[in-house]
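Engineer: Right, I'll just put the structure down here and ask away after.
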Amino acid sequence: MLRYIGKRLLMMVITLWVIVTLTFILMVTIPGSPFNSERGTNEAVQANLEAHYNLDKPYIVQYVLYLKSIVTFDFGPSIKQPSQTVNEMLGRGFPISFELGIITIIVAVLSGVTLGVFAALKHNQIIDYVAMGFAVLGISIPNFVLATLLIQQLAVNIEWFPVARWLSPAHMILPVTALATGPMAIIARLTRSTMLEVLTQDYIKMARAKGLAPWKIICKHALRNALMPVVTIMGTLLAGILTGTFVIEKIFAVPGMGKYFVESINQRDYPVIMGTTVFYSAFLIVMLFLVDIAYGILDPRIKLHKKGGRE
Amino acid sequence: MEKLLEVHDLHVAFSTYGGTIKAVRGVNFYLHKGETLAIVGESGCGKSVTSQAIMRLIPEPPGKIVRGKVMFKGKEITRYTEKQMRSIRGVEISMIFQDPMTALNPTLTIGTQLMEGLQEHQSIRGETATSKALEMMHLVGIPNPKERLKQYPHQFSGGMRQRIVIAMALICEPELLIADEPTTALDVTIQAQILELFTTIQAKTGISIILITHDLGVVAKIADRIAVMYAGKIIETGTKRDLFYNQQHPYTKGLLKSVPRLDLKEEQLSPIDGTPPDLFAPPQGCPFTARCPYAMEVCDNVYPVTTERSSSHRVDCWLQDKRAQQLLARTANQ
């Protein structure tokens, strides 16, 4: 197990390096500089500014400097807002984005699995049709459309929820709903189909023949096996939710990391781009790693280390 | 002798898009305490459905027990509620399924699955449950039970898994064990071991066994009595002696003839020609008529009355009728 984790950590570092390098290449190939939009600066001032931020150095030197800043996790101050360091921006934005993301995942998994299980248990009955119809809608409607609809209907027309911002639990309901509906629908459909398959397995018949209570058969014997594929797609869903937060944060004026991420790219604010990219990538890579670990815990047949297996 | 289980006129049907399949059509049999009854027949004859109907494990819908009753220890369990049935399943009647590779949950340890029944029905947990589980594993012949308890099904071979399944079925000390083709999925040497195990367990615990199989070799080895099923009906039943040496129904005869034998010189097996009838629309007469070498006009139209040849031996066949016997004698003389 330890060896496996060690190997994975090494892979994660390599993945991160590839992402950083690609981001750097993209950054230098896109035309423009952080000072393009500054007015009334002459060439000498521009050159001075570039020299100050090491932007006049050869690319290879800049690249090494970037790598150094990543290793030390010190990205320095933002170019556009020199009063703040990148770390300060991340420290302010990340907890909010994380809150939004985590609540969304919890809501999506809990409601998706519940919906899927009920649909499977009431296979080909009204509940099944309603749940799956709902799921198809959830998959088809993009989250930004849903977000606008929710704001118009529930916040503007009947004023149940605040229109925007991130201040109280009531503020969280609409953004989380908008962001969670898609993943929830995917999870619900997947849970239903795997659950239907698992319910026909012999070990479920065996559990019934043992005289176990129905809820025990479902929770202990069926659900655990049915959740395997759900855990598998969690990685992809996480990435989707993460990028979804950019859009949703923008629509609901949530002061998370998404704002910095998008603005920094528009403004060529190199240290902020690097900081947010590295941070997002590292976060996603760690989450995917946790998903793999969870997989091994749920299914004993999947051995994370080389030893063991059939004896 | 006391009758542990009696099945009277059991009818089970499944409604499908194509129509209603009458899988079991009036089955009668009984089982004494400590006895082994083998239900024999080819695929689709209704033997598994019969056993699952006793346990009330038929998925409803599409399945349904249309008519008939099952008496267990003098009580009509066909009238029991689902909750009452749950207190019987695993405790008084246990079941073993065909394929040990799929009968165990791959994500739970053997120990958890073994002790589950104890917790559910007898609220036995912890040390007591563990020692009971170890005792059962010892009974079914699993070496190193202590370590094995913590392992998962994929760490066991097929034969070992079937032993675990048997231990699981026996842990609450039921009085009746229904084994649905328990050796079909195993290779021959393991089959012999598992059958041996059944005999030992029966000698030790006095449990009654219903053995469902299509393997007449298995039957010859451990059954006391045999019921031959065809197209949802029991067409002949009797003791092992009755059926192996004095079988009367042309189907039973055909079945026994089609078994490969080492003591005869014939090189070709003689199969029963044709296929069983369609159970969407079972024939009103004897279902075997179309394949029967002795079929008469009456066989097509009326299902034969049951003939009791002795207290144990019963046959559903018109050839048992006195007039048919006379006719046979006359043709033999000519």
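Glycine too: its Cβ is placed from the backbone N, Cα and C atoms.
Note that TrEMBL annotation is computational and uncurated.
Pasting the relevant annotations from TrEMBL:
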| type | residues | note |
| --- | --- | --- |
| TRANSMEM | A:9-30 | transmembrane segment |
| DOMAIN | A:94-291 | domain 'ABC transmembrane type-1' |
| TRANSMEM | A:100-121 | transmembrane segment |
| TRANSMEM | A:133-152 | transmembrane segment |
| TRANSMEM | A:172-191 | transmembrane segment |
| TRANSMEM | A:226-248 | transmembrane segment |
| TRANSMEM | A:278-298 | transmembrane segment |
Engineer: For the transmembrane segment (A:9-30), which recorded stretch in the set A:100-121, A:133-152, A:172-191, A:278-298 gives the largest number of Cβ pairs separated by under 8 Å?
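Structural biologist: The listed stretch sharing the most Cβ pairs with the transmembrane segment (A:9-30) is A:278-298.
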Engineer: Between the transmembrane segment (A:172-191) and the transmembrane segment (A:278-298), are there three or more C-beta pairs closer than 8 Å, counting only pairs 6 or more apart along the chain?
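Structural biologist: Between the transmembrane segment (A:278-298) and the transmembrane segment (A:172-191), which are separate recorded stretches, there is no contact, as judged by 3 or more close Cβ pairs.
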Engineer: Grab the same-chain neighbours of the transmembrane segment (A:278-298) for me: Cβ-Cβ under 8 Å, and only residues 6 or more beyond its ends, written as numbers and ranges.
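Structural biologist: Hits for the transmembrane segment (A:278-298): 8, 12, 15-16, 19-20, 23, 70, 90, 94, 224, 227-228, 231-232, 234-235, 238-239, 242, 257, 261, 304.
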